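A short write-up of the structure that comes next.
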Amino acid sequence: MHIKMKDIFKAFGQNQVLSGVSFELQEGEVHALMGENGAGKSTLMNLLTGLHKLDSGTIEIDGKETYFSDPKEAEQNGIAFIHQELNIWPEMTVLENLFIGRELSSKLGFLNNKKMKALAKEQLERLGVSISLEKEAGDCSVGQQQMIEIAKALMTDAKVIIMDEPTAALTEREIEKLFGVIRALKKNGVSIVYISHRMEEIFTICDRITVMRDGKTVDTKRIPDTDFHEVVKKMVGRELTERYPERQPNPGRVVLEVKQASKKGVFQNISFSVRSGEIVGISGLMGAGRTELMRAVFGLDPLDSGDIFIEGKKAALKKPSDAVQKGIGFITENRKDEGLVLDTSIRENIALPNLASFSPKGWIDKKSEQEFVDLLIKRLTIKTESPETHARNLSGGNQQKVVIAKWIGIGPKVLILDEPTRGVDVGAKREIYQLMNELTDRGVAIVMVSSELPEILGMSDRVLVIHEGTLSGELSRNDATQERIMTLATGGR
């Protein structure tokens, strides 16, 4: 399938999102679509698949002008879109999720479970994934849910698959499996639009790259004809001299200390400490127990045994409000479900953990609240027309900034960041890193969980590595390398 989008314009109200964008997808190619959050990448693909109607411009498929009325029609015509926000029904089984809306029936009109199971098993095996078809999708890891989405798209016999941040929650092994599937699809003439902020992946798996900025097409190039620095410059319109800002740590006293922390079947006897002004990175493979440990420290899933000390005093953290009272903030890996109330305003989201400070007499002082929110929006350079804009309508990078603003507002002693830049563009990543430096300069102790090794190496003063629920090693900034971390993460010494 050959797709040609030419001179595309699209506005939402007064907001001009796309201005004269052109994009071409050739048969059997993997084409990267890159740009900062808000550049218009997802909007362009939503126009292609019929979710939105374009204002002007043309879309040609195999030389014929074609416009779909909705995504289902696009799917029926061979174009599947795997969104960054997974379209998973958590209470339904893996099998039901794979066939929802396109169930197979026998000649008598009954559901043909036998055939559906066989097809589902075949597709998951093709992806190299082992998941019980009877398991509820909500009980699957985020990585497994992502694989279910990919399998669902492949089962439609799509000729074009749009993948929006497909590896954001996948392990290294799962990424390699996905790349193997992409290469096989490519050989069979399937075209892939690959939307990602992970530059290493783009240069590994893609044939061409189109860069967008501020709703316009900047350039399209073959991967061998460009490099990381050129792409970043075209994305942000400026040089990013260093990927990670320089750190000059000056650690103070121990603020957070965890001793012999255990949760049955998840992690065992983990001890570590974090000092004021320090960033401690926590690395390990998906499923190692990193996030679960942080959730326990924050009181979301309390420890079975072990102790937590804040500034030398034992703290009973049985629920998140206990942690907040002790000065702990937690930015979760899943900002959409746990970090934000999507259908409320930026103002309400930022103010939420801080309501007590605006309500000394039992009612909210609206003026104080607004001044507080405006200050944080300005400080974190959150791009929005109004504090009353719903969080759902922000780009990924700006949503993450709102989550960070929410917790900065409590004046934390300890800030836990779980995958702080997942799904965030290069420019916004650097802003988040600079903010982390500002916080540590003010004495905040930061614990950062990340699956991106360059991020761990670029921002951590110390690195803790977790393997299968145990602390397998601790490395200083000078001793930490990708090879050393991966050795410890896979059980080596």
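Placement of Cβ uses the backbone N, Cα and C atoms for every residue, glycine included.
Positions annotated as ATP binding site by Swiss-Prot: GLY35, GLU36, ASN37, GLY38, ALA39, GLY40, LYS41, SER42. Long-range Cβ contacts of LYS41 (ATP binding site) within its own chain (separation 6+, distance under 8 Å): LEU33, MET34, GLY35, ASP164, ILE195, MET212. When secondary structure is read from DSSP and collapsed to three states, LYS41 (ATP binding site) falls in the helix class.
According to Swiss-Prot, the domain 'ABC transporter 1' annotation covers 3-239, on the basis of sequence analysis.
Per Swiss-Prot, the feature domain 'ABC transporter 2' maps to 252-493; the stated evidence is sequence analysis. When averaged over the domain 'ABC transporter 2' (252-493), pLDDT in the model lands at 87.
In this structure, GLU36 (ATP binding site) belongs to neither helix nor strand by DSSP; it is coil. Set side by side, the binding-site residues GLY35, GLY38, GLY40 differ in how many other CB atoms lie within 10 angstroms of their CB, and the most is found at GLY35.
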